[in-house]
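TrEMBL annotations:
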BINDING   Arg78, Arg103, Asp130, Pro131, Met132, Leu133, Ala134, Thr135, Gly136, Ala137, Thr138, Asp202  5-phospho-alpha-D-ribose 1-diphosphate binding site
BINDING   Ile196, Gly201, Asp202, Ala203  uracil binding site
DOMAIN    5-209  domain 'Phosphoribosyltransferase'
Amino acid sequence: MRVLVADHPLIAHKLTVLRDKNTPSPIFRQLTEELVTLLAYEATREVRVQPVKIETPVTSTIGTGLCKPTPLVVPILRAGLGMLEGMTRLLPTAEVGFLGMARNEETLEAITYAERLPEDLTGRQVYVLDPMLATGATLIEAFKFLFDRGAADITCICLLAAPEGLAKLEAAHGDRDNVHIVLASIDEGLDENSYIVPGLGDAGDRLYGVVD
Ligand code: URA
């Protein structure tokens, strides 16, 4: 497993505004999209491409095209949905599947409550979107689900991670060289409710408001 913390002043600046509790939802959503587009630039460095022959107005030349099957983007509902637009802006031809996962607030285990994905992911490059890598439970389950269906490699884009969650993910999937995590920051740790500190609060609530 490889972990990349994208180091760029614009990423740090946008993340700081996201962290601010006074940033309202519309700005939070817009900044999340912008941040994801910047992170996606790093995350797609190894997207599979092939030579393609094209005609320019002047001559024929060999350029670069995305390979088939096209990459699959999988936002983890609910908060990952806020990252989708930022990702598809960079990869407009990607297919999109959905995984609905929530954590049981008592056991902190991940529960899969919805799934809309191809049955067969053999050979597919998969980009998972989940803003907060906190305990790691959700991503451990999501990666297992996707590898069981044959995914060739998984790149996960997160805004923030806690060291505890990264360690759990490393223990579960660390021996794989086809798992890649791209982040804007590794924070200090988790609080007693497993929220990331300093973090940005509940990403789903900040994107979409509190739903009881
Ligand atoms: N999920 C969130 O939305 N925020 C956290 O800090 C941890 C998990």
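Using N, Cα and C of the backbone, Cβ positions are placed for all residues, glycine too.
Since the structure is predicted, the reported quantities are computational estimates derived from the model, not experimental observations.
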Just the binding-site residues from Met132, Ala134, Gly136, Ile196, Asp202, Ala203 whose C-beta lies under 6 Å from any atom of ligand 1, please, or none if there are none.
Met132, Ala134, Ile196, Asp202, Ala203
Note down the number of other Cβ atoms within 10 Å of the Cβ of Gly136 (5-phospho-alpha-D-ribose 1-diphosphate binding site), including every protein chain shown.
23
Going by DSSP, is Gly201 (uracil binding site) part of a helix, a strand, or coil?
coil
Can you tell which of the binding-site residues Arg78, Met132, Ala134, Gly136 lies nearest to Asp202 (uracil binding site) in space, using Cα positions?
Met132
Mind looking up the mean pLDDT for the domain 'Phosphoribosyltransferase' (5-209) in the predicted model?
95
What binding-site residues among Arg78, Asp130, Met132, Ala134, Gly136, Thr138 are found with a C-alpha within 10 angstroms of that of Ile196 (uracil binding site)?
Met132, Ala134
Identify which of the binding-site residues Arg78, Ala134, Gly201, Asp202, Ala203 has its Cβ surrounded by the largest number of other Cβ atoms within 10 Å, counting every protein chain shown.
Ala134
